[in-house]
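Asker: Could you have a look at this structure, given as structure tokens, before my questions?
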Amino acid sequence: MRLLEERILAEGTVLGETILKVDQFLTHQVDYRLMKEIGRVFADQYADLGITKVVTIEASGIAPAVYTAEALEVPMIFAKKHKNITMTEGILTAEVYSFTKQVTSTVSIAGGLLSKEDRVLIIDDFLANGQAAKGLIDIIQQAGAKAVGIGIVIEKSFQAGRQLLEDLGVEVTSLARIKHFDNGTVSFLEADA
């Protein structure tokens with residue numbers, strides 16, 4: 001997605017050899033126009049798969065996920081990183097390691113929000129090692145539902161996440177695919193959409 005790549009080049013900041021900071025439009029401040037376009041592109045990409053729910057993990061995946069759900073006209077669910085007192089029965093959980101935060105979290109979705117009839121599109125802001133999406137696939141399968149696609153806003157293609165998810169049999173669509181970081185600059189591979 002050329003527009004996204006342009007924003008990364010103009011406003012993204014490379015930190016070290018593996019981190020891209022995109023606080024200006026995705027991970028802290030949200031550019032709703034860009035997110036709306038991202039949602040439209042994901043919806044177009046997966047329009048023929050009978051998606052019934054969009055699922056993400058809080059927090060930075062919520063904006064692109066909600067705009068994707070809007071474009072598909074389906075509900076959006078976000079997995080919570082902290083259990084609250086209203087989540088009492090039938091909670092679906094998975095352990096997820098965050099590459100950026102370097103911490104393992106238990107993420108959860110309340111029972112009853114997913115069913116065996118659901119065809120789920122996973123949306124996330126970044127793909128690095130694939131652990132967040134893998135955890136969501138686990139939760140979706142616990143409900144008897146089917147993960148039919150994974151939409152990634154920014155993929156770090158130099159890390160193993162895509163291969164892990166494709167090995168699980170789920171199609172991955174990334175709107176920006178980073179080949180590598182070199183002296184603070186970003187090099188891209190061809191995006192999927």
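Keep in mind that glycine also has a Cβ here, set from the backbone N, Cα and C atoms.
Reproduced below are the annotations present in Swiss-Prot:
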- L20, T27, K156: xanthine binding site (BINDING)
- A128, N129, G130, Q131, A132: 5-phospho-alpha-D-ribose 1-diphosphate binding site (BINDING)
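Where in this structure would I find these features, and how exposed are they?
Answerer: DSSP gives L20 (xanthine binding site) a strand state.
Classification of G130 (5-phospho-alpha-D-ribose 1-diphosphate binding site) by DSSP places it in coil, neither helical nor stranded.
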Asker: Using C-alpha atoms, which one of the binding-site residues A128, G130, Q131, A132 comes nearest to K156 (xanthine binding site)?
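Answerer: Considering only the listed binding-site residues, the nearest one is A128.
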Asker: Give the sequence-ordered list of residues that share a chain with L20 (xanthine binding site), lie 6 or more positions from it, and have CB atoms under 8 Å from its CB.
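Answerer: Set apart from L20 (xanthine binding site) by at least 6 residues yet with Cβ under 8 Å, we have I8, G12, T13, V14, F126, I154, K156, I178, F181, V186.
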Asker: Taking the Cα atoms as reference points, how far is N129 (5-phospho-alpha-D-ribose 1-diphosphate binding site) from T27 (xanthine binding site) in Å?
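Answerer: Distance between the two Cα atoms comes out at 18 Å.
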